[in-house]
Each structure stands twice: as C-alpha cells, then as structure tokens.
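Student: Feature list, courtesy of TrEMBL:
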- 115-405: domain 'Sugar phosphate transporter' (DOMAIN)
- 76-96: region 'Disordered' (REGION)
- 117-134: transmembrane segment (TRANSMEM)
- 146-166: transmembrane segment (TRANSMEM)
- 178-201: transmembrane segment (TRANSMEM)
- 257-276: transmembrane segment (TRANSMEM)
- 292-311: transmembrane segment (TRANSMEM)
- 331-347: transmembrane segment (TRANSMEM)
Amino acid sequence: MFTLNLIPSTPITFSKSTHQYFPIKRIQTPKNLAESPVFLTKSTPLNFNKIHACPFGKIQALSTKTTHLGKILENPSRKAGSHVPKAAASSESNPEGEAESVEAAAAAKSKAKTLQLALVFGFWYFQNIVFNIYNKKALNVFPFPWLLASFQLFAGSIWMLVLWSLKLQPCPKITKPFIIALLGPALFHTIGHISACVSFSKVAVSFTHVIKSSEPVFSVVFSSFLGDAYPLKVWLSILPIVLGCSLAAITEVSFNFQGLWGALISNVGFVLRNIYSKRSLQNFKEVNGLNLYGWISIISLFYLFPVAVLVEGSQWVQGYQQAIQTVGKASTFYIWVLLSGIFYHLYNQSSYQALDEISPLTFSVGNTMKRVVVIVSTVLVFRNPVRPLNALGSGIAILGTFLYSQATAKKVSAPEKKS
C-alpha cells in the first residue's frame, strides 16, 4: 500500500490496482491550454485542500472534461457543434428530406382530390343519364307527365325520410319561419319540374335539354329586373345561347310547341326558384343543400299531386292498362317508373353534393358538359334523327352556356378577392 498525504489531517490511500487506473497526473491542467478552463479561473483556483472529501471517480470525470476542452482549444478551426456525437448529429432534421415529404404529401392529396372529383362527376352524369332514359321510356308508354312527376317527388321524399330516420343525414330543425320561407322556392320548383316532364313527353329528350340550356338567359333577365348588374361580357355570352336554341328549334325533327313551351317554362321556374331561395333563405344558412332540396321536394309533392289529380286523374286507369299491354310485362313498366323516380332524386342529390365539393365555376362547367353527355346518350339510345343544322345549333347553345359560366364566375370572384 502507498500513502499520499495531500493534507496532513486527511491521508488518501490507494491500492496498486487502483493507482494504475487513476494516476494523479491526469488531473493536471494540459500544457497546451490557451487559457484556464471555467473551473480553473482566477476567481476559483484549484485547491487540493478541498479534494480530500471527493472520491477519485469524480476526479477522473473532471479530468476527462478538462482534456476534452483542451482538444477544442487546440483546434479552434473546428465548426461549432462538430464535437457533438455522430448519433446526435444524424438525428437532426434534413430540410431537403422534409421538402420532399411535403411535396409527396401534397401530390397524394391532389390525386385523392382528383379521384374524388371524378367520382362525383361520374355518379352525377350516370344518374342523370339513367333518369332521362327511363323517364322517357315510361312517358312513351304512359304519357301522363303529371302523375309521373308526382311519383318522382314522392320517391325523393321517401328517400330523404329514410336518411333522416336512420340518421344517415342530419335532419334540420323544423320551424314555422323555415317552412314559410320554403313555400316560394318549392312552388317554383314544382313549376319547373312539371314543365320539364311535359316537355319530355312531347319532344325528344335531346331537344328539351338544348332548350333548357337557355336557362342563363332567363337568369340574367330576371336578375336584372330585380336590381342585379351584369357586365357586358355576360350579356354577350347569352347571344350564342339564343342563336343556338333558335337554330335547334327550327330544325328539330320532333318539334312540338307544347314541348318547346314546357322547356322554356321550366327554365323560368328553376331560375325563379334560385333567385327566391337566395332572398328567402338567407336566415337559414345552417341548412345544407341536400336537406334543403329534401324539404323542397316534400312541399312540392303537396303542391303538385292535387293538381295532377284534377288535370289527368280520370285517365290514369285506362292509360295504365294500355301501358301494360304495350310493354308486355307489368314488372318492366314498374321498373321503369321506379328507376325514373329514384334516379331523379339521386342526380339532384349528387348535384348538391358536387356543389359542396367544388367551386361554382367548376360546377357550371360540369353542368354544361352534363347536358352534352345526356344529349349524346339519349340520341344514341333512342336513335333520334339529328339534322346537321340541328347539331350545329345545339353546339352553339352549349358553347354559349360555357361562355356564360366563365363570365359570371369572374363576376362573382371579383368581390371575393376584394373582401
């Protein structure tokens, strides 16, 4: 055993094995230090008289820190933080990696949005095509549009009641002011719906849709009478619509005045419904489009069905028997009527859902293309003869509708940017 008397009153004893691992010289200050470390400053000089109470394990740790600090002072050109262990340095975030991950997430989100938009438009177009085909098939053998239009509103009302009862769709709070506010829009919706059905029963589906593409003309005219101002671009955009519809009407093979007036009155009804809805339902913005349409369908049914009974109720039994004889199977006729009712509501439901998901401009463009798809589909299914001038007029009218949607979208977006 060896004894080192650092302090006369406090001897410290080592064993040989301990001495070789903890040599005393390791606690000495390195010679190459430019200045004393923090713990060896002038204010706190190293006093070996105070070491007598410290175990030599702490002395070793202290010397290790001193040696490490000496290495830093030997090479002052080392970058700050370069003495950090590699494991810690590797855990730091990589800006390039983060940018790439953000771009990948944005690309995935964009693809998902595009897929969702494609599905919304796909269902909307498909449901509209199915409705127009089976609605026309039913009207060809059962030419009673008042009853068929009433059944379509009935099917939509039952559909919404099922959604509300099963809590698949939140039911809006029903109040007396809300019902009163819906009476006007529901009345104009009834007029628009029955007029369209009358037109479908008298002329080809394609011709009805060409005439219904003139709805923007009525919208601009009625809105202007009520005080809305439109720029010159909007007024110019409706000129091709008027020209195209006129050319299509005079060259239509299945032209019928009742069919023409039915389509025009339908445009008036739906335009007034939209205008009146904006004014009367301003205090009920918490009701979403689907619920609003559901209640409009229910109230429209109460408007339409009593009038339908008065107009053509006495002919329904005889017309039903003739329809069954023409089709051959009662089940086939039932399927046609049922599909026309279900898909009438579904395509309107999809249109409201599409309007919630996309901008008004995209919706207007999609609605314009929807008419093109429906016209082409019904011409192919029913093999309606189409003259070249008739096709040209239809194309001009559709083009005018597209230009109108572009012009009005710019008019609407300008106040939004200012706000």
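Placed from the backbone N, Cα and C atoms, the Cβ positions cover glycine too.
Unlike curated records, TrEMBL annotations are generated automatically.
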Student: Which listed stretch (146-166, 178-201, 257-276, 331-347) has the most C-beta pairs under 8 A with the transmembrane segment (117-134)?
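Tutor: The stretch with the most close Cβ contacts to the transmembrane segment (117-134) is 331-347.
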Student: The transmembrane segment (257-276) and the transmembrane segment (146-166): do they have three or more Cβ pairs under 8 Å, with pairs 6 or more apart in sequence?
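Tutor: Checked: the transmembrane segment (146-166) vs the transmembrane segment (257-276), no contact.
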Student: Report, as numbers and ranges, which residues of the same chain sit near the transmembrane segment (178-201): CB under 8 Å and 6 or more residues beyond its ends.
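Tutor: Answer is 132, 135-136, 139, 143, 145-146, 148-149, 152-153, 172, 208, 211-212, 258-263, 265-270, 272-273, 276-277, 280-281, 283-284, 287, 292, 295-297, 299-300, 303-304.
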